[in-house]
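Okay, structure first, notes after.
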Amino acid sequence: MTANQNCRYEVEWVTEYACHRDYLESRSCRLTSTQHDISVDLTPLTLSSAEHPYYAHSGSGSDSYVFYLNVCGKALTEECGGDPFVSSCQVKVSSPMSKVAGRYQNQTLRYSDGDLTLIYPGGASCSSGFQRMTIINFQCSKNATNSGRGSPVFAGETDCTYYFNWETAFACVREEEELLCRVTDDRRRYDLSPLTRYPESDSSQNWEVEDAKSTKSSSRYFLNVCHKVIRAAGAEACPEEASICGVDQKNQSISLGSFLSPPYKTRTGSDIRLVYTDGSLCFNNKRVQSILTLRCKPGDTESPPVLRSVSTDQCFYELEWFTAAACVLSKTQGESCRVGDPQAGFSFDLSPLSKPDGGFYNLTNGKYSYLINVCGPVKVGSCPEGAGACQVGNSSWSLGGASSRLSYYDGLIQLSYRNGSQYNDAQHTRRSTLISFLCDPEAGLGNPQFQVEDNYTYNFLWYTSLACPERAHQCLVTDPGTLDQYDLSSLSRSSRNWMAMDLSDPQSRKSYYINICRALVPVVGCDRDASVCEMTYETQQGSPKEVVSVSNMGVSKRGPVIEGRDRLLLEFTDGSACTSDGLKMSFTSRIHLICSRGTLSMPPRFESNQNCTTTFIWETRAACAIRTSEDRNQTCSVVDPNTGYEYNLQLLASRTGYNTSANGKDFLLNICADAPGCGEGMAGCELEHGKPVSPVGVTKTLQYSTDGRLKLTYRGPLLESSATRDTFTVNFVCDPNSHPGDPKAFQVLREEMSTVGNRTTHDAVFNFYTALACTPAPVDCSISDALGNEYDLSRLIRNEDDSPWIPIDTGAGRRFYINVCRPLPPGTDCPVGPLGACGLVGGKKVNLGYVQSMPQVAEDGSISIVYQNGDQCGAASRYSTRIIFQCDDSVGVPMFDRQGGCEYVFMWRTSEACPIRRSRGENCRVQDPRSGFQFDLSSLKNRDFTVSNEKYVYHLSVCGPLQKGVCTHRESGAESVSSCQVTGSSQKIAGMSNQNLVFVGDQILLNYTSGETCHRVYQRSTLISFSCHPDAGPGAPEFIKETPDCTYLFSWPTALACVPFKTVSCSYNDGQGRSYDLSPLALTSGNWEAELPTQDTQRRFFLNVCRSLVPPGGPWSCPSGAASCMRNGDGYLSLGQVESGLEPDGNVLKLQYTGGRLCPDRRRNRTSIIRFKCDKDRVDSRPMLISEIEDCVFTFLWLTAAACPLNSSMHVGCRVANPTTGHLFDLSSLRKEGGYTVFDPQQQQRVIHINICGGVDSSACASGTAVCFSDVSAAVSGGQMSQTLSFRDGEVELTYEGGSPCAANPDLRHKSIVHFICRPAQMSTAPPEPVLISSDPHTCTHFFSFYTHLVCEKPVTCSVQSGSSLIDLTPLIHVTGFYRAEDQTVGQSGKPPDFFINLCQPLNTIPGVACPPGAAVCMDPDDGPPVDIGRATKGLEINTDTSEVSITYNSSTPCTDDQNYSSTIVFSCKRGMDLGSPQMLRQQGCVFLFEWETPLVCPDSTNSSGCQLTDSQLQFTFDLRSLSEDVQVKADSGTYHLHVCGGVTEPACKQSAVCLVSGSGSNRSASSFGIRKAMSMDYKHEEQGLLMKYGGGDQCPPVTPEGKACSFPFIFLKESYLDCTTNGRTDGRKWCATTPDYDRDQKWGFCGEVTAKRESSILFSCDRSAGRGSPKLVAETVGCSSDFHWATSAVCPPMKMECKLVIKHQTFDLRSLSSLTEPWKFKYQRHSYFINLCQGIHGGVMGCPEDASVCRHSAGGLTQTLGRVYTQKMRYDEGQISIQYTEGDEVCGNQVKASALIQLSCGSMVEQPSLIRVDMASCQFVFHWKTRSACAVKQQEVKMVNGTIRVPDTGASLSLGAVYFSYHQASGDIRPNGDRYIYHIQLSGITNSSLISCEGANICQVKMNAKYRRRIGNSTEAKYYIKGGNLDVIIPSNSSCGRVKSKNVSSTIMFQCSPSAGVGIPEFMLETDECQYLFVWHTEAVCGLM
């Protein structure tokens, strides 16, 4: 129907019966026409000599004649003589006259329009001169006399031509009524005619049937649909009437049925059935019939029909066909002048009909002209603007506005234009246009034809070839010799083309769109008939754009050709015009397909483009011959031999079996199990009156054919007398919606019975519909974008032996599993079938979509994969999954992002989503630029490889010359021949040696050039493509072809081309809302090195996380594929490879690497176990080796923030912090004046204005709008401005809410979400801007992505290798705070700048200082904004000559025209517990130089004695004696008893230090895990903890070969066993259970020999708030090792806090108030108060803990802590310094812990602190301290000359001679151990001769109770400083500081004005921990400075 409007219907019928029919003629008695289905055979009318002749009478009386006739033979009379060809003889009755009236010698049998005529010419001449002739008109009469022959009747005569009529049954011309090839079911219609093949058409080959019933067929089968087979191309011998036939290898054929009845729809399901009957004769004189069941497979027009089964009597053939032609016809609409039916696999592009620039088609009808354009407007002066069609007469009228929306249904494409000019009727009806496009293959573009105007609608008809659907070529080919079949239909695409990239010339990239067995899915600019189209890339507006370079590289005109076994050729010819060497040719494309099992979805690979011929290589399993595999192990599972995908039907086993009925019979059957009620061991039977008959199941055969056919056959017992068995055959049919337990899944297809003797054999065939039979769709993980970038996600595929990816998700009560491009591996709790994603949501398993569609590349470079058709979601939808991949530096893990309606969206930032890069190597090596792995083919050197084809023998070598003496005839000089072509005695050099490999995509290319001349033009060359085949070993070359320019192509499958890297899921979700992500620890460059005991200097351990080790540059011998490796001297051992993903292990996470080097016991392989424990303060830690069991199992512990649950945080001001690392992201610089302009890729006319943390300037939207969508008609707000960023699951987001109301749901408002994605600055030169990713019309939510370096948080390694030890400075990293440094340059004018520093990471937020985001070193000058002078871009460096450690920060802040600022920090050794801080040294040009003294760069050593450990770096002794008592730890295996530095009291433990007690009563046992004598201790600086190890325990339990520990005691048959046993076995082998109860768990293994002793470890970590603390079990390893973690304050070294405050360009140095000797003390009321700043109180204050900074002691003897040093917080406010200490004791009686607030203010004296108030409610003690140390006056150096100084400000001289030359003593230094010191002081130099060792010094220390004297100040180096009204003198010395060997002792004297003191005397105040002695001297001598 072409029109149906306004009560007018128009029908067009295209049919062959409307064609003019020519005469059909034959010179014999037979006439046939295949085209018109006509068959006539008159030979039964031919008479033999023994029969009576036919005769007829004419005339009467004297003119009476008798005519004797025969048909196609001689007339049986002698009246006309002996001429043997006379077939019509005229005899006159009244006289002896006879004449020949016709001869059959030149007869003509003619058929025309229903008339059948036989003409006999050549009779005797008439008197008129004409020759006599006889014409017989035969008429059909099925009831004719004479046995249907009938007889002739004379009809008349004209000019001696005699006419006869002859009614006969043999003239019934078999012109059948047209049998429709369509099916109508209610309102649903189906059309099978696209499958019909016609002799005259281009697709004139039959469909060849794939034989799935046997592994090796003896026949080929040909089929046509609704038509007879075409007797050609192998089917020549088929019977004429057959619609399906079989042809054996002897070319003998049988008909399997004819098309005699139309197709129909099955009663159940939506299948179409076509029955072919009346075939050849078969058993019992029956005729063969075939049933063809057609099932809908959307988009598939190439797959062949499949022969499912043949009955035992060979009379019944069953076929199945999955095809788009069986899908219901659907109405579809399309935009942009394109439309298609995706179900039917059709697509149409009418854009070639569109006239550019407003052009038009002009046609005239009557008095009007009609101007028409297609999908565009007509632009001519007289036509209204925007009209798509225009009527022109006296005036012009628009017949409708232009539109590009097409509609399609059942072959008819229509285009409507509406809202044209108004009619002059009462309703002012607007005109409209309807154009109907119909297929005419010969019409070309065609032209419109006016039909009629009908109620203001103008109808046009347009015949065009563009409306013709492409008929696909069959993709099946059969080898006629072997009958192997190949099916390429899986490579044919209906929605998206294949793409191949040509990267041979990086400056001129090309890409090719390719489709198989059909034309391309339409590509703009490509020819619609082309199967290959070439694209190139042009730079437009600064970015590359894809443009068509050759529109047609070849047309698919025939199917595949077999080149050899498992090798096919597809050739596409007749492409666009091409010129080569002056010859005019056309482009041709050749694809050589090579069988490669397991690579179904890999794309074609470009090979060469020469002489107008482009060659591609395609390694794919589709090129493998169809094979069948069986379940030989009776596991009810079978593996696809090509892909390795396992079809496991065990889930179908049912307790009750499956019941079904048909033909009045009941059947019972089970899958993978016995059928209850059918007898023991039987899997199925028939039920008669409830009793079983014909049981089957004696033999069970599960078969899978690589074309996707899955079949289970049950056979019954053999009946010897008849040698027959009952058989049940189950065909498993894919049904994604049918899951185990579905009662409708089981159906009877048919049952046949045959009788031999008295035995009836049953042969029943069933269909079982299940999702388990669904074959994963071929999904290509390699894709390309419009810019020519190529991507490959295949390394993210999880195979059957892997665990799935577990996305990070902080939502509670759910867990997700996903895979990439392939179905989920087995082992999940997911529904069955080829699922790409599933979820456990609310305790329910949910299918989230099947693997069906290909990845897509978005405009921003992100890649999306969508899995669809999951479980039901709501009433009318289904769940689906969208995974969005974005390029990143790390492998990353997937993260749950959001749920939009029924779609779950996951984000995955990964390096695997980055574009592929090409790399070139040398010396037979080349590097994979993505993984860093270096391929090495040098092992193939020094060998010759020989390859033969039909004509030549090729000799090849790899990266070197041939060894064999061939092709030695050229004088090659230094060159060598690597490729030689030999035939007979002829040898041709095919390429010279070359060692430069090229890696591109996943191929390694080796090209040999400069061979001998070929065809007088070309030089021979050889190209070898090495491809990854893991099981191929070194492999061998395979010849592919020779190109026209004499390039010899070889493929080389080899394991050497495989990247040994493997990755596993690095995330874990506990289903309770806690997600863990260790992917930041997975390194793509470099590896982790484990921390070892201090004394272990010979070995090094390398690890990676969730992926294999990355080979670094330089010497490296860790085995390929290892994820854990040990280097011992020069030897390397693999300690395990990546196998399984992250899993929980108690309260920690565990990774286990297995399959390392063989263990010493020769039974097991080495294994590494890494346990990750959450520690939020360990941002950049590393693993620590904990134990080694039998040099076989290595365990590591890793305290890291990465092991903490993920959470989210929010922050205003366009900033947000990562809550795990503390890293602050500042995006305020992305705010742009006026905002950004973004275009919607789906709606080009829509413009989007968006800003970041700001509003947009758009008059279309209200003020305050952050996102505004606008087009020509309206504007919509996408959300209001917000500056609140969120950090969730590792991602920075910005959400704008409160936009315009949502049209789809008025309760909702438009919302926009911006995802910020890391893209390092060096990756892109274009300015960053947002990109619209998608919009959800149902929720009005819009998603944008924004690539920027501001959200990159790649950690800089904060460690460096120094010889055999690792220097690790990660403890210096500030996670939340920062370091301050100041420029202390003396004498500079103005206030100096402040410096803020962090190590290896960017700075955190600094209150009041707006440092640039991302800066690691920031300079805050006094007269301007803060400046970035360094960013953390690279890690530590070490000078190998000086061992000096440094780090350099580079910035982008300009210093000079050609140089930016940078900062360098040099680290120097300073032993002690203070980790130090940076100090500004100087500025050298544009470089700021800092020094950092720290113990972390000092060589380390430890010394233990008893329960004490001394660390040389910290110069501190740890004492664990306070922890030495019995403690117990509960575990699943029992209770652990621990006694640090002693033995436990449990008698059964026999004084062990660590002991496990398990069982109870008589089963109670104790196992020692270590004794005190085998104890060792080591201090771990990274963990800031002490590791204690115990060895020498009891013997380890036996371990099974699988690495499982035996569990003792265990229960077996209700008895308890404490050792391995042979009970229950007959072979005498010892075994054990691996769980405590074998009877329940059934888990066991064979016992192996064990020599190891049990051991344990305790990691003591500092937790100042934990007090004594208690141990926690971390993990148990194979029953042989137990690890504990003990957080306690006992291992906390004395704390020293920063005692310097730099703020507002002022420096406050409070170090003089921090005492190492005695605290500051005073009394208030009844308490004594003790205070020390920045460190704990020293001096032996009774009861005051070491970590207390404020204590008080009551008169009653009670000491209480008011604040602890590690809680110190320092701030400056309104001229006052405040220092707060918290975590004190509960002293206020209200259960509130005490705190102390010390307020320091500037004073001229040192003075003492005082208590000013106590707030009892908050229990805060407030102290005030007026001291000169709190003054921020910059000191000025002055010179002392003979006791006189000059005051800088006044220029006056001040004499200090009274104090300078006088001699004094200072006392008061009494130490807690009883030592007493006095100090001799003389500033001019000590002259007392009795102090011999002190003579000449300024200050000398003398010990009163021992002979000890030390010079602590030398006069020649004394420096004097005026600070305000005070004078300080700093006197260094040459005496070494005992605590810090690198430091020397110094002294400081602070002079204070005291007019009444006279000269005064110095007073000793304190000694700092840096050996600085502090004195105060009250004197009138300095009052002149005031």
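Any Cβ shown, glycine's included, is placed from N, Cα and C.
Taken verbatim from TrEMBL:
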- 36-174: domain 'MRH' (DOMAIN)
- 179-329: domain 'MRH' (DOMAIN)
- 335-470: domain 'MRH' (DOMAIN)
- 473-626: domain 'MRH' (DOMAIN)
- 779-916: domain 'MRH' (DOMAIN)
- 922-1060: domain 'MRH' (DOMAIN)
- 1064-1206: domain 'MRH' (DOMAIN)
- 1212-1354: domain 'MRH' (DOMAIN)
- 1356-1500: domain 'MRH' (DOMAIN)
- 1512-1694: domain 'MRH' (DOMAIN)
- 1601-1649: domain 'Fibronectin type-II' (DOMAIN)
- Cys1606-Cys1632: disulfide bond (DISULFID)
- Cys1620-Cys1647: disulfide bond (DISULFID)
- 1697-1833: domain 'MRH' (DOMAIN)
- 1855-1985: domain 'MRH' (DOMAIN)
Item checked: Cys1620 (disulfide bond) and Cys1632 (disulfide bond), Cα-Cα, nearest whole angstrom -> 5
Check: Looking at Cβ-Cβ distances, which residues of the chain lie under 8 angstroms from Cys1647 (disulfide bond) while being 6 or more apart from it?
Finding: Pro1598, Thr1600, Cys1606, Cys1620, Lys1630, Trp1631, Cys1632
Note to self: With every protein chain in view, what's the tally of Cβ atoms within 10 Å of the Cβ of Cys1632 (disulfide bond), excluding that atom itself?
What the structure shows: 25
Item checked: For the domain 'MRH' (1697-1833), residues assigned helix / strand / coil by DSSP -> 9 helix, 65 strand, 63 coil
Note to self: Under 8 angstroms, Cβ to Cβ: which one of 335-470, 1064-1206, 1212-1354, 1512-1694, 1697-1833 has the largest number of such pairs with the domain 'MRH' (779-916)?
What the structure shows: 1064-1206
Next item on the list: Work through the disulfide-bonded residues one by one (Cys1606, Cys1620) and point out the residue whose CB has the fewest other CB atoms within 10 angstroms.
Entry: Cys1620
Note to self: If contact means at least 3 Cβ pairs within less than 8 Å, sequence distance 6 or more, would you call the domain 'MRH' (1356-1500) and the domain 'MRH' (1697-1833) in contact?
What the structure shows: yes
Notebook entry, point to check: How does the domain 'MRH' (335-470) divide up by DSSP, counting helix, then strand, then coil residues?
Noted result: 9 helix, 63 strand, 64 coil
Check: Would the domain 'MRH' (179-329) count as touching the domain 'MRH' (1512-1694), i.e. at least 3 C-beta pairs under 8 angstroms with sequence separation of 6+?
Finding: no
Next item on the list: Just give the helix, strand and coil counts over the domain 'MRH' (922-1060), going by DSSP.
Entry: 6 helix, 63 strand, 70 coil
Checklist line | Counts by DSSP class (helix H/G/I, strand E/B, coil) across the domain 'MRH' (1212-1354) | finding: 9 helix, 61 strand, 73 coil
Check: What mean pLDDT score does the domain 'MRH' (179-329) have in the model?
Finding: 83
Notebook entry, point to check: How many helix, strand and coil residues does the domain 'MRH' (36-174) contain under DSSP?
Noted result: 12 helix, 63 strand, 64 coil
Check: By DSSP, how many residues in the domain 'Fibronectin type-II' (1601-1649) are helix, how many strand, and how many coil?
Finding: 4 helix, 15 strand, 30 coil
Check: Tally of helix, strand and coil residues over the domain 'MRH' (1064-1206) according to DSSP?
Finding: 6 helix, 65 strand, 72 coil
